[in-house]
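Feature annotations, courtesy of TrEMBL:
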type     : residues : note
DOMAIN   : 91-502   : domain 'Amino acid transporter transmembrane'
TRANSMEM : 89-109   : transmembrane segment
TRANSMEM : 116-138  : transmembrane segment
TRANSMEM : 168-188  : transmembrane segment
TRANSMEM : 237-256  : transmembrane segment
TRANSMEM : 268-291  : transmembrane segment
TRANSMEM : 311-333  : transmembrane segment
TRANSMEM : 345-368  : transmembrane segment
TRANSMEM : 391-411  : transmembrane segment
TRANSMEM : 431-452  : transmembrane segment
TRANSMEM : 458-482  : transmembrane segment
TRANSMEM : 494-513  : transmembrane segment
Amino acid sequence: GFLFALSFRPFHVEPRNIVGDDAQEQVSSEAAALSSRVHYYGRLTASSDRLLVPPDHVIPSPEDIYVYSPLGTAFKVQGGDSTAKNPSIVTIFAIWNTMMGTSILSMPWGIKQAGFTLGIIIIVLMGLLTLYCCYRVLKSTKSIPHVDTSDWEFPDVCKYYFGGFGKWSSLVFSLVSLIGAMVVYWVLMSNFLFNTGKFIYSECLFSHHSSFVLLSINRWTVDVFWENSTGQVFDLWWSKTNTIPFYLIVLLLPLLNFRSASFFARFTFLGTLSVVYLIFLVTYKAIRLGFHLDFHWFDSSTFFVPEFRSLFPQLSGVLTLAFFIHNCIITLMKNNKHQENNVRDLSLAYLLVGLTYLYVGVLIFAAFPSPPLSKECIEPNFLDNFPSSDVLVFVARACLLFQMTSVYPLLGYLVRVQLMGQLFGDHYPGFLHVFILNILVVGAGVLMARFYPNIGSIIRYSGALCGLALVFVLPSLIHLTSLNRRGELRWPSAVFHGFLVLLGVANLFGQFFM
């Protein structure tokens with residue numbers, strides 16, 4: 001969904017989600033009543049009836065509208081009249097920026113789980129399938145007759161076709177994607193903070209005062225552990241799973257209780273910079289290491305994995321979330337200057353995203369030095385295959401840590417707005433309500449970072465679960481229901497979209513049995 005930051009104006013249409021100061025302090029009771037009446041009567045009129053359309057001064061200014069991805073990136077909407085809308089190139093890169101998330105770090109691991117050849121095939125196929133389902137979401141508002149759907153989002157469409165079940169199912173699975181992203185963020189922030197602190201300790205504070213011993217190679221380089229008493233104390237209090245996840249509570253839990261998330265929205269541009277830097281880092285490492293490939297189609301060897309593996313559903317689960325933008329694509333496309341190019345621009349954006357995932361996944365997998373190491377050593381977060389002492393990787397971790405620290409409160413705000421808004425009709429019903437919700441969300445992140453810090457598995461489970469509803473099932477059922485109501489349903493369409501539903505179910509069950 002999208003968020004509004006209110007500015008001081010005579011009247012406001014009361015938004016569902018608010019970023020900014022308390023709405024009650026800015027919207028008078030008269031203005032709230034007027035906006036409610038305008039909103040109500042606007043739903044009763046046809047789209048061609050302009051009599052009850054809200055005037056310009058009722059609508060928040062375009063610069064105050066944002067769209068957020070479940071994975072944390074944000075796109076600033078340029079709305080208003082047609083002169084203020086975005087050209088195709090801006091729309092394409094906005095979708096790319098919004099879709100790029102933490103899944104990119106697990107792409108080499110996903111290819112390893114599926115096999116090099118099969119992994120590439122699955123990335124292409126999943127990109128095409130999720131693109132088609134996203135296209136169905138984009139077209140879903142156009143198939144509703146005699147209703148003005150210009151301000152509708154996908155949950156509104158679900159409610160129109162399936163009533164309360166559609167509304168709550170879309171809400172629940174949207175929360176799954178958001179909370180899953182927050183858990184992944186907590187695991188990654190624990191990882192990045194640990195390695196950043198270890199780099200500062202080893203390279204800056206004690207690089208000339210401590211002795212060390214080189215251990216056996218278990219990743220790309222050797223690990224260094226301090227033998228003196230200072231190093232032992234540091235390792236005791238600076239542990240990736242035992243202490244760091246709890247240290248983050250002190251920093252992030254207070255930020256989640258803010259009424260407004262507008263301050264953190266200013267740092268979302270760091271997501272783009274982080275992805276660009278990761279692409280540079282991957283390119284540089286691949287040039288330095290070269291390619292290490294040996295094709296074994298179905299049999300494993302000491303250093304290489306088969307080209308086709310039965311663990312491929314793990315990659316498809318990751319890709320379901322990696323290509324997920326279905327819940328905000330309608331809003332993003334509303335701001336495209338040439339609406340007739342929406343399908344083309346969406347397709348080009350998916351192509352760009354798919355090429356980015358392929359580039360990072362293929363290069364890291366191919367450059368992984370086998371021998372002496374086995375491809376099985378590729379980690380779910382490929383940055384873990386580099387030592388803490390690597391300066392370029394330290395910069396990447398530090399940038400990602402800062403970016404995720406600023407985005408995490410935004411994700412928490414989205415969870416609060418969606419859940420509290422539906423349960424209590426207010427995005428901030430009280431400090432106690434918000435605090436309990438934040439404790440539960442933070443607790444989930446701490447537990448996973450402490451006992452199961454595998455971001456690849458967390459991403460694939462949450463991706464397959466929310467993707468089942470929001471990517472495969474709901475778009476397909478809505479399209480079939482629309483065709484049936486118009487008397488245009490034919491068996492090829494029924495078979496194909498039924499296959500998509502079964503594919504989503506198989507993708508979910510595959511995470512537990514493969």
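Just so you know, the numbers here start at 1 and follow the chain as drawn.
Every residue, even glycine, has its Cβ placed from backbone N, Cα and C.
Worth saying up front: this structure is predicted, and the values here are computed from it rather than measured.
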Intrachain neighbours beyond the transmembrane segment (268-291), with Cβ under 8 angstroms and 6 or more residues off its ends: 72-74, 97, 100-101, 104, 356, 359-360, 363-364, 366-369, 392-393, 395-396, 399-400, 402-403, 406-407, 410
Recorded stretch that, among 116-138, 168-188, 431-452, has the most CB pairs under 8 Å to the transmembrane segment (89-109): 168-188
Cβ-Cβ under 8 Å with the transmembrane segment (431-452): same-chain residues at least 6 beyond its ends: 179, 182-183, 185-187, 190, 241-242, 244-246, 248-249, 252-253, 256-257, 412, 415-416, 419-420, 424, 458
Which of 116-138, 168-188, 237-256, 391-411 contacts the transmembrane segment (458-482) most, counting Cβ pairs under 8 Å: 168-188
Result, the transmembrane segment (311-333) in contact with the transmembrane segment (494-513) (3+ CB pairs under 8 Å): yes
Contacting positions for the transmembrane segment (345-368) when only residues 6+ beyond its ends and CB under 8 Å are counted: 88, 91-93, 95-96, 99-100, 103-104, 107-108, 110-112, 116, 119-120, 123-124, 127, 130-131, 134-135, 138, 220, 275, 278-279, 282-283, 285-286, 289-293, 319, 322-323, 329, 333, 336, 375, 377-378, 382, 385
